[in-house]
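Okay, structure first, notes after.
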Ligand SMILES: Cc1cc2nc3c(=O)[nH]c(=O)nc-3n(C[C@H](O)[C@H](O)[C@H](O)COP(=O)(O)O)c2cc1C
Ligand SMILES: CCCCC(=O)C(=O)O
């Protein structure tokens with residue numbers, strides 16, 4: 001992982017991480033890099049990819065390799081997309097705007113976090129007129145606040161809502177607790193008013209009575225978890241969403257066949273198989289290990305994507321071979337931003353794209369559609385998951 005100090009031009013995604021480590025302060029680095037509790041799942045997300053072995057075919061014409069694909073019917077240049085990650089301005093002052101420009105330059109999809117440090121209207125402004133922007137949602141007990149956010153996202157032109165379902169409460173991130181993590185000024189959660197108006201007047205009074213103000217550390221004091229609705233259920237939340245929006249609904253954070261079947265049953269339009277980058281329930285299985293059972297459960301009825309631990313072109317290839325329509329990147333985008341803003345994210349995407357093309361050529365796949373489970377060694381462990 002360590003990059004020699006003389007190397008200033010990253011050549012792989014781990015190089016971006018090593019450089020970002022030298023550029024970010026402890027507060028931001030720990031918030032971005034670490035996971036929940038013992039960080040077992042954070043580690044497994046990557047380790048599980050290395051357990052999958054490729055099974056290449058030869059003498060296939062790979063003189064031209066195309067990574068073109070589509071998301072919910074909209075074409076994109078590559079299946080490598082950008083996951084929602086909060087508070088990107090800590091990595092680079094242009095934050096989410098820099099990321100949005102990089103996504104547009106690559107003609108790929110970006111999901112914007114509810115907790116962005118740039119207002120959602122400002123971010124989509126950088127679209128190339130074609131590449132998909134989706135808005136990630138946390139739902140609040142105070143539903144009018146959520147409804148207003150949804151309507152703003154719709155008005156601004158976001159084409160889908162990504163409802164994160166693995167975060168009814170925030171995971172226990174030890175480094176953030178030790179640092180008493182707080183979003184440094186001048187950054188703020190830009191999709192919300194400056195004060196605590198997101199909660200109702202009586203909730204606000206209760207928070208203030210408990211000594212919680214807008215200056216209290218963010219993660220540790222449960223302001224955000226107080227705001228988020230831990231009471232969401234299939235039968236209430238999805239119909240409510242449907243009643244307030246016509247946008248496609250993607251569920252992010254599904255890891256089991258049971259929930260995948262429920263997602264189809266409740267009319268969701270897609271699933272992102274994810275364990276939130278190991279930041280929520282520590283000890284859950286690696287995202288890539290959960291992918292096959294979710295793909296099998298939905299039986300092609302809706303699109304399935306995945307995120308968690310993607311750092312190499314062969315990781316992307318393996319995820320596609322196991323049935324993901326596309327993959328999403330969390331931390332690598334933050335490392336690209338910390339390295340060199342918009343340019344850094346572009347460089348990071350270019351390297352991963354080139355690595356994917358290389359993996360496709362060396363496996364004998366000229367198109368994304370050609371990538372199937374046959375390109376993976378069928379170990380007993382993998383067979384048990386397929
Ligand atoms: C710093 C950080 C902030 C994140 N913020 C959000 C968020 O606001 N909403 C969300 O649904 N997921 C969030 N995630 C999870 C990512 O969307 C994604 O699931 C995860 O980072 C993928 O793993 P990777 O970092 O190994 O690529 C965040 C992840 C990180 C690292
Ligand atoms: C404060 C929690 C919201 C951002 C998030 O989802 C994350 O940090 O993983």
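Heads up, the Cβ atoms here are built off N, Cα and C, so glycines get one too.
Per TrEMBL, the feature domain 'FMN hydroxy acid dehydrogenase' maps to 5-381. The glyoxylate binding site feature in TrEMBL is assigned to 31, 138, 173, 276, 279. Annotation source TrEMBL lists FMN binding site at 84-86, 113, 136, 164, 252, 274, 307-311, 330-331. The feature active site, proton acceptor is assigned by TrEMBL to 276.
Overlay of TrEMBL feature records on the structure.
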| residue | record | DSSP class |
| --- | --- | --- |
| 31 | glyoxylate binding site | helix |
| 84 | FMN binding site | coil |
| 136 | FMN binding site | strand |
| 173 | glyoxylate binding site | coil |
| 252 | FMN binding site | strand |
| 276 | glyoxylate binding site | helix |
| 309 | FMN binding site | coil |
| 331 | FMN binding site | helix |
Pairwise Cα distance for residue 309 (FMN binding site)/residue 276 (glyoxylate binding site) [Å, integer]: 10
Candidates 31, 173, 276, 279 (binding-site residues) - the one closest to residue 136 (FMN binding site) by CA: 276
Cβ under 6 Å from ligand 2: qualifying binding-site residues of 136, 138, 252, 309, 311, 331: none
Rounded inter-Cα distance in Å - residue 252 (FMN binding site), residue 138 (glyoxylate binding site): 11
Cα-Cα distance, maximum over 31, 138, 173, 276, 279, record's glyoxylate binders, Å: 19
Close-lying binding-site residues around ligand 1 among 138, 173, 309, 311, where CB distance stays under 6 Å: 309
Other CB atoms within 10 A, centred on residue 138 (glyoxylate binding site): 22
